[in-house]
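Trainee: The structure that follows is given in the form of structure tokens.
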Amino acid sequence: DCCPIAGCPFGCTICC
């Protein structure tokens, strides 16, 4: 699952 990264200007995601 990939979750949004708070504070990323382009709404990037990280797989957690």
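Placed from the backbone N, Cα and C atoms, the Cβ positions cover glycine too.
Dumping what Swiss-Prot says about this protein:
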type     : residues   : note
DISULFID : Cys2-Cys16 : disulfide bond
DISULFID : Cys3-Cys12 : disulfide bond
DISULFID : Cys8-Cys15 : disulfide bond
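For each feature listed, report its degree of burial, its nearest neighbours and the pertinent distances within the displayed model.
Mentor: A strand conformation is recorded for Cys2 (disulfide bond) in the three-state DSSP classification. Over all protein chains present, the Cβ of Cys2 (disulfide bond) has 9 other Cβ atoms lying within 10 Å.
In this view, Cys12 (disulfide bond) is surrounded by 10 other Cβ atoms within 10 Å of its Cβ, with every protein chain counted. In the three-state DSSP scheme, Cys12 (disulfide bond) is classed as coil.
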Trainee: So how many other Cβ atoms are close to Cys8 (disulfide bond), meaning within 10 Å of its Cβ?
Mentor: 10
